[in-house]
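Pulled from TrEMBL, these are the features on record:
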- 1-19: signal peptide (SIGNAL)
- 34-327: domain 'Glycosyl hydrolase family 59 catalytic' (DOMAIN)
- Glu177: active site, proton donor/acceptor (ACT_SITE)
- Glu252: active site, nucleophile (ACT_SITE)
- 335-366: domain 'Glycosyl hydrolase family 59 central' (DOMAIN)
- 374-423: domain 'Glycosyl hydrolase family 59 central' (DOMAIN)
- 459-632: domain 'Glycosyl hydrolase family 59 C-terminal lectin' (DOMAIN)
Amino acid sequence: MIAHSLGLFLLPCICLCAAEYYLVDDRIGLGRRFDGIGGLSGGGATSRLLINYNESYRSQILDYLFKPNFGASLHILKVEIGGDAQTTDGTEPSHMHNENDENYFRGYEWWLMKEAKKRNPDIILIGLPWAFPGWVGQGSNWPYTFPNITANYVVSWVIGAKQHHGLDINYIGIWNEKDYNVKYITVLRDTLDRAGLTGVGIIAADGNWDISKAMLGDSYLNDAVEVIGVHYPGTMTIKEAMITGKVLWSSEDYSTFNNNIGAGCWARILNQNYVNGRMTSTISWNLIASYYEDLSFGRDGLMTAEEPWSGNYVVESPIWITAHTTQFAQPGWTYLQTVGHLKHGGSYVALTDGNGNLTIIIETMVVRFYLFVLQQWYSKLNFMNKKDTLFQNITPIKVSNGYFTLQLDVDEVYTITTVTSGHKGLYPDPPEAAPFPKKYFDDFNVSNPPFSEAPCFADQTGVFEYFRNLTDPGPHVYTLRQVVTQRPVTWAYDADQTITVIGDHTWQNLSVSCDVYIENENGGVFLAARVDQGGESVKSAMGVFYWVFANGTYKVTNDLGGEKVLAEGLSGTRVGIWHTLTLTVKGYFAFGMLNGYPLWKNAVVLQPLNGWAAIGTNSFEYAQFDNFKVDAD
């Protein structure tokens, strides 16, 4: 028996019982290699608002996520490879909108990976597609018809990460939670190898365990896959996955509201994914809840940063639950064989670095371990009075004759360790929370934008990017342009129209205006208010939609699909000419102006009563927007 560090990890809501004795012993051998704890940005657009924070607050948030021995101290960052399509809470732009287009500076995932690397040079980076630009599918909603095209597209992202940002991608995935394709996986492995990327591993299939059964009967597939990654396994593994001998990960997990209930769920997952399923890495969806809360799965991140306009963010309890593991065990440590369930409920694991340190994670129980230990860190999730104790360094454990006793209560987390580098990072409180400004204006006049998206616009179908309009010598040189012209290979139920939302979902009475420029001879654009849905439900969004078309007509509808018509008529709008739309909604009535003159009035709007403002296009088409303005009551 050797001296080790000791970490304890407790789960909520387990009754205490009489004292029991457990021996942690490395003499019977070691288990699997620990591969780390991570967070997932994407799937989709879950970090969208983070980039719009002022730098001082943004840096603090990033430190809480990635800085070693400070906050969550994550070992892994997994990001979405943007595919121009809706992937839960919005769309993320592709680096190749079409086959002749390459731009490795779109979106914010490149920036996020660099910021994570800046704080932790050893962080593991993973890329996974949720959707693909339409050209990859060659007219179908399927990325596997031409596996060489898809593989080259994905590998170009890996190469671009290195060439343009100095980022080494460690792993790449197949297609999030969709069917895998054996031919494509082997082609992807071959394409990576031919590009000199033999060190980039393939994780498959980011869904259920089915691929493990196929791997047992296909040696080429088995050789191509380095990690079997599963989503939301409920801490359980199937026997076929174990028989493969491959590394097993819960490559997406958690997806829970980030209050104390979520923190307890996260604690249980981090422990039992190995106890029950021998999974050596767990990755949280999502990394940070940095999107409008009224979109799908609001506040399902490890922490919350959804108000760049106020600067407010919240370091939620899952951050400190994470720290109990990540600050005291690193990738490359090894699980001991002496892991299991406690007699009266709960479980424990033990990990060692092979150099005299050990971390033990225990669920609520009165326990005795034969170990040598020192420092003690403690958290208590108090569901009664909400007065939580989170990640406190308390009095060291006293060891007597190789034994110590620890009295555990419910809803607690302990880490006991010889590692002395643990630290609870702390910044001054951020500003108070505040609603989105009722008066908002953006002229998009940014000559060298740091990011491709305008602040606070959350694309729900299509991609809206800053654009320099070289054909306009007048006031519309810098605009916002919708750039997706072909329906993507989708992951969710994208709308047939493109749309980006902004503002406060509680807005009821407001006036919104925008200059619009139709580029397609058969095209059309809209301005909207009270948009009630986004995310995976965007296709069925309701609101007040004011459309104008290149054929000289207008339409007012109660739905994004344009079926529930409230008013329609002639507008005189044409392609290639700037027009100014103004939409006012007050109570149950809506009014519209074109170029400063009334065009329609008194459209009756019974539902919805509140929602975001929005702009968009009639189809996947080029169109430009400028001088966006909101004035809400």
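Glycine too: its Cβ is placed from the backbone N, Cα and C atoms.
Where the annotation comes from TrEMBL, it is an automatic prediction and has not been curated.
The average pLDDT for the domain 'Glycosyl hydrolase family 59 C-terminal lectin' (459-632) in the predicted structure is 97. In terms of local Cβ density within 10 Å, Glu252 ranks first among the active-site residues Glu177, Glu252. For Glu177 (active site, proton donor/acceptor) paired with Glu252 (active site, nucleophile), the C-alpha to C-alpha distance reads 10 Å. Between the domain 'Glycosyl hydrolase family 59 central' (374-423) and the domain 'Glycosyl hydrolase family 59 catalytic' (34-327), the number of CB pairs under 8 angstroms, six or more residues apart, is three or more, so the stretches are in contact. Using DSSP to sort the residues of the domain 'Glycosyl hydrolase family 59 central' (335-366) gives these counts of helix, strand and coil: 0 helix, 15 strand, 17 coil. Each residue of the domain 'Glycosyl hydrolase family 59 central' (374-423) gets a DSSP state, and the totals for helix, strand and coil are 0 helix, 23 strand, 27 coil.
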